Amino acid sequence: MSNDDILLQVEDLTTSFRIDEQFYPANDHINLDVYENEIVAIVGESGCGKSAFGHSIMGMHHQEQTKISGKIHFKGADLLSYSNTQLNKVRGKEISMIFQDPLTALNPLMIVGKQIEEGMKYHTKLSKNKRKQKAIEILNEVKIPQPERVYSQYPHELSGGMRQRIVIAIAIACEPSLIIADEPTTALDVTIQARIIDLLKELKRRMKTSIILITHDLGVVSEMADRIAVMYAGEFVEIGEVKRFLKNPLHPYSKSLLYSLPSKNNQGEKLHVIKGVVPSLNHLQRQGCRFKPRMNGTDDSIHEETPTLREVEKGHWVRCTCYKHFQIENSHQVVEEEKDDVFQGQ
Amino acid sequence: MWKFVVRRILIMIPQLVVLSILVFILAKVMPGDALSGLVETPGVDSSTIEDMRTTLGINDPVHVQYLNWIKGLSQGDLGTSYIHQRPVLELLEARLWNTVYLSAAILFLTYLIAIPLGITAGRFHDSLIDKLIVGYNYITYATPLFIFALLMLFVFGFQLQWFPTGGSADINLEPGTFSYYMDKIYHLLLPALSGALLATVGTIQYLRNEIIDTKMKDFIKTAKSKGVPEAKIYSHHILRNSFLPIAAFLGYEITGLITGSIFLESIFSYPGIGQLFLQSISQRDFSVVTALVMVTGVATLIGTLLSDIILSLVDPRIRVE
Amino acid sequence: MTFFKVNNLKVYYPIRGGIFRRVVNHVKAVDNINFELKRGETYALVGESGCGKTTTGRTVVGLTKATSGEVIFNNLDLTKCNRKQIHESRREIQMVFQDPYSSLNPKKTVYDIVAEPLRNFENLSKSEEREQVEYFMQKVGMSRDSLFKYPHQFSGGQRQRVGIARALTLKPKIIIADEPVSALDASVQAQVLNFMQDIQEEFGLTYLFISHDLGIVRHMCNRIGIMYKGKFVEEGTREDIYENPQHIYTRRLIASIPELDTDQHQNSELLRKNIEEEYQKENDKYFNEDGSVMDLKPVSDTHFAALR
């Protein structure tokens, strides 16, 4: 991959949310390149800032509750400098979004065909009839049986899997070059999840679209993504190719996440547990390695004072030096008294 | 759809029967009857009264009386008003229409005021304009209708003399002419406005909350992510969803207005059924009272049916079969 | 003596139609299922949403009424016994719910939440109650400081542990866990699963584990029943189900588990495709003409599958 293939370049992006009259960064000076025709997964636990990242690219945040700085280069322009009207020309046409819950993501009072067409109304000069024709084509494309019939159905008349196909159809209606998929399979049953994964991969191959896949599920990442960026407490801690990452994760957080999953290999054994909880935005310690408080028995000398994301092998980036000294212990730690972890509700 | 309506109408039959029994019992347990007042009237001895009672059926067993009353009801005979010496039906007709006009005017003005205010408050919630509208809402919510209406009557009727202070039309005008209808509207305006200004509370609050709620929904994010301009997001997505509960409430609103116009009609001496109701109670004109209770009962049942039908028309998720 | 057994359990909901709302048909949420729990084991009910696994769990604890069939526990049929007997059996079968955010009363302190079952079933003095609550809170790894805090002050994993502490206070024999970790993040999920295994040993618990996540089920459960459209399509030990699945639906479910090993992707994609084709083509081998599931036939001593 060369620099010419970069589709989206996020540079020093900081997104802060207002909590009690103060702004706290949910994304803290992050950088990421998204290449053409790739699926890059943003992975982390709830509250790590991965959804905020997707919303920042689309300019979806509430303006008064959010502060954004940095640059988001996309096709020769900085999206962050765009006005809302300018962004409306990008949203849906160049970049679109797939949401987690297909039931709530669709307007219950509008037939699905109209919801698919709506974007075309603002982004193309197609006539009403042409739009309908195109919508039916897209329904076909996302493999909906009897597209003409489904066109005039309401969301509640469709099953969960069908609804998610509609949400995908809306996202691809204007053939965008980037799709941000925010937990696209989390609300679905496993067999449907498998089919939606296959569908997204196929669409990506055929339409040459790039996808930013936001998820907490490493299984989905493994099935779908080319590259992975692991996010912890508002920062990327590790970025690399999925294949290499899954065989050899480096950052302590990445390792811990992977080993906490039940799999064929650790059957009957205790699962790895990360001590403590994800810190909330307004109680996060922002100096030094943010993962330090959750590592067992490590001394401060292994961490950098101001950790940076460093390329340790080609295309594989890791934050902080502590990864060199971290081993997953096979024996699981007994759940201990958690005095300090009482979570201050956000 | 028709099945649903038929079923609902069938369900209304037992409801009506129960209602009629209750009304009948209430009328019967009231002390005295329409003839009690004649006792000790010079020239009328008690045997004459007894004879009259027998001819009027008042001495029949209770269930026979009830059946006779129901028979009358089903033929449109609501009995005779003792005070006015006219059939109740005749008495009701003109006044019922006046009340319907007044209610329709209140409803129209309520929506005319409440919908723009509700939308503005919801769209710009937490802004100064929203706070002003919510403030207006608190004031109107806390203001009792009978005081507010009196104040309106005093200021605009008696002091400024902008509006008439009683009646439903000038008696000198020929019914049916254009100026007669204009005069009717003129008479309606002040009571309708008084009622509407206070009735906006529910609609404004509902609409505001619904819009704030809907704004946060995921499908609004979907619309935004499609590149739909904000004004279109409001007109295509938010408003229709936010109007659902208000549309659904329309049926109840209508019945509420018909039964709730008692104060307004008395204060503005507007000849509607509310005013008639108060008069009839104080004059113990029970045949009129029972008829009015029956009429409002039926109106309530029809209103709820109307609400359900409206809801099923505007919300595709509720398709009644 | 059988420990716990469900015989021919049916839960039907009527569908009404026409002007008079007569019952025209039934939704068969649970349709004639049989299974047995052995003391100390973890038995999984697995299936996709709407397959009836949650309804089964709710019926076993008495939150939903059975249409017919038996739920045998302590040699008593819980669907038919009197109020007092149900009350008694209820303390021995407890439930842990899916969503730790909504299953705890936000207006009660953790202490009151955990003490509530004790107050319902036992007449303890204040100090005895306190002792019991502290004992179980300590068992689930919660400090004494947290006793008088409210649910919103805790993280999801901690809340789920409070839910489990509440279920433990009456020293139940069976715990029905309905998707206990599916609302939790991976690292927290691991914590709760480990912990459930620990207390199972310590208190000799039997779990009925309801889940759609076959990865977790493989990790936690000894025996597994796969449900589809209210019926069992397959039942067997963990090895039977994962190494030797017989029914197409089971195979489809297992093939749908996302594979972490990227080298296997080509294989698993191919496998999924083949299964999908077989599913379309050989439908009559696995399902009756009307699409319903067949009756279970023995494959081995422990393994049953709904085949022709």
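Just so it is clear, glycine is given a Cβ too, placed from its N, Cα and C backbone atoms.
A TrEMBL annotation is a machine prediction, not a hand-curated record.
Taken from TrEMBL, the feature transmembrane segment applies to B:9-27, B:100-124, B:136-158, B:185-207, B:243-268, B:288-314. The domain 'ABC transmembrane type-1' annotation in TrEMBL covers B:96-307.
By the count of Cβ pairs under 8 Å, the stretch nearest in packing to the transmembrane segment (B:185-207) among B:9-27, B:100-124, B:136-158, B:243-268, B:288-314 is B:100-124.
Only sequence-distant pairs (6 or more apart) were considered; of these, at least three Cβ pairs between the transmembrane segment (B:9-27) and the transmembrane segment (B:288-314) are under 8 A, so the stretches are in contact. Counted over residue pairs 6 or more apart, the CB atoms of the transmembrane segment (B:100-124) and the transmembrane segment (B:243-268) come under 8 Å in at least three pairs, which marks the two as touching. Below 8 angstroms of C-beta separation, residues 117, 164-165, 190-191, 193-195, 197-198, 200-201, 204-205, 263-264, 267-268 of the same chain, each at least six residues beyond the ends of the transmembrane segment (B:136-158), sit close to that stretch.
With a threshold of 8 Å between CB atoms, the same-chain residues lying at least 6 positions outside the transmembrane segment (B:243-268) that come near it are 99-100, 102-103, 106-107, 145-146, 149-150, 153, 165-166, 190-191, 194-195, 199, 202-203, 206-207, 210, 274-275, 277-278, 296, 299-300, 302-311, 314-315.
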